[in-house]
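To keep things clear, I will list the structure first and then write my remarks on it.
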Amino acid sequence: MQSLKFSFLKSIAPLLFFANLAVVFSFWLSVSLRVSNLLISLGTLAGLLAAYFALWQLLLIGRVAWIERFWGHDKLSRIHHFLGITTVSVIFFHPILLVLGYSIDSGEAPLSHFLGLLSDYKYILALIAYLLLLSIVFISLWIIRKHLKYEIWYFIHIALYLAIILAFIHQKSGRDFITDLRALYWQALFYLTLANIIYYRFLKPLWQSLNCAFQVVEVKKENDDVVSIIIGGENLEKLEAKAGQFMIFRFLAKNFWRETHPFSLSEAPSGGRLRITIKGIGDFTKKISNLPLGTRVLVEGPLGLFIPERSNKKSSLLIAGGIGITPLRSIFEEFAKTGHAVDLIYSARAERDFVLKNELNLLSNPNAKVHYIETDKTGILTSDIIKKMIPDIIERDVFLCGPPLMMKSVISELKKVGVSKRFIYFERFQLG
Ligand SMILES: Cc1cc2nc3c(=O)[nH]c(=O)nc-3n(C[C@H](O)[C@H](O)[C@H](O)COP(=O)(O)OP(=O)(O)OC[C@H]3O[C@@H](n4cnc5c(N)ncnc54)[C@H](O)[C@@H]3O)c2cc1C
């Protein structure tokens, strides 16, 4: 059951967002009263909003625990995406409106006014920030992104930090915010955001990894494509990791240390060890079985809100597709332990693809049942199959994890049997 404290904490981030947005609007009103034309007024508003939204964008991708913990990475990704488009839409108009507005005031041609600005290095920095932001959004368009390697897309995306620092230098030198309380406010926002990023993205993971001394203690082949990695360490209880959550791992071994990758905990964390179970699908995951024992591990997280505590009903249904079993395996274990009634529908193409089957069978009991579906034989999961297996489906909440197409189809089948989207929790194996 979600607690009152949880609901309160969940509303902190939106409250902060809207309260500060109101402050930003009040700044704009105070500036607007003094400017000579509407174009300058709107251009100023666009600049203020873009600067404000860009700081939130950093917080949203910064794995900041007080935001991540209460929204979950899936919702965060969607907010990040939506706010990204909004930010770029407003930033696009900021220089255009201001150049037009000030050139009307001065009687100068817009182009010569614009070129005149470029004699000041701060406007050159602003132009670089502007072009960087537009390029990042262009590259993030799905049609472009799907042709890029994840790592390349990621490093280009990281240029957002640079764009925001350049924009901040430009903003600090702006005509309206050089001195007074408003300047202090912006600086406070900027430095608080920076402090959050440095702490959550760099210091906390480093400190945590040193304190817990994570290292690989076992590499276990589950089948031809899937490997489990068991990571031992000290003080693991201090992580407060929950079943269903994921972490971002950097393995400090030759050929592995350059990349970080997210993986869900495939076992409810306990007894001084963490376990992840990985399917080989690309460069990194296909070589993971070669990871040497004793490899030190840097860990970010635990992250995500795909956790048993989300359940609001007396019983739950878990639906896993393929390697999507990993977070659900640990959630199933947690429910089975606490006596919460649960059914797990585990669908995979064929018998050999049911990884972790033995342990699921061992965990099951009359209150916690597992149903296996071989899609090569029975076809995909339909509303009829779901209803036949779980006649009281409408009384349950549903936890879902699997390949994107399977999740989309299952969500629409669940809606057909009357399950509200509000009671479907899902984890997508994709960041950003
Ligand atoms: C929250 C979450 C939990 C996950 N849990 C599991 C799990 O328990 N077991 C499992 O097998 N897989 C899991 N994944 C997927 C796993 O992270 C990717 O399969 C893996 O990173 C692919 O790397 P690759 O270089 O081998 O493959 P590639 O072919 O390079 O990438 C395949 C896809 O994986 C994603 N990806 C690649 N590199 C990264 C990266 N460094 N960081 C983030 N995403 C990346 C991209 O969407 C890419 O299109 C999870 C992903 C997320 C987001």
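Sequential numbering from 1, following the chain as shown.
In case you wondered, yes, glycine gets a Cβ from its N, Cα and C as well.
Annotation comment: TrEMBL describes 209-309 as domain 'FAD-binding FR-type'.
Marked as transmembrane segment by TrEMBL: 12-31 (among others).
The feature transmembrane segment is assigned by TrEMBL to 37-61 (among others).
According to TrEMBL, the feature transmembrane segment maps to 82-104 (among others).
Here the transmembrane segment (124-144) has long-range neighbours at 54, 84-85, 87-88, 91-92, 94-95, 118, 153, 156-157, 159-160, 162-164, 166-167, 169-170, 432, meaning same-chain residues at least 6 beyond its ends whose C-beta is under 8 angstroms from one of its own. According to TrEMBL, the transmembrane segment annotation covers 124-144 (among others).
Long-range contacts of the transmembrane segment (151-171) within the same chain: residues 47, 50-51, 54-55, 57-58, 61, 122-123, 125-126, 128-130, 132-133, 135-136, 139-140, 145, 177, 186, 190, 197, 259, 432, each at least 6 residues beyond the stretch ends and with a Cβ under 8 Å from a Cβ of the stretch. The transmembrane segment annotation in TrEMBL covers 151-171 (among others).
TrEMBL lists 183-200 (among others) with the feature transmembrane segment.
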Local confidence of the domain 'FAD-binding FR-type' (209-309) - pLDDT mean: 92
Tertiary contacts of the transmembrane segment (183-200), as residues 6+ beyond its ends and Cβ separation under 8 Å: 20, 23, 27, 51-52, 55, 58-59, 62-65, 161, 168, 171-172, 177
Non-local residues, at least 6 beyond the ends, that sit with Cβ under 8 Å of the transmembrane segment (12-31): 41, 44-45, 48-49, 52, 56, 66-67, 70-71, 176-177, 182, 185, 189
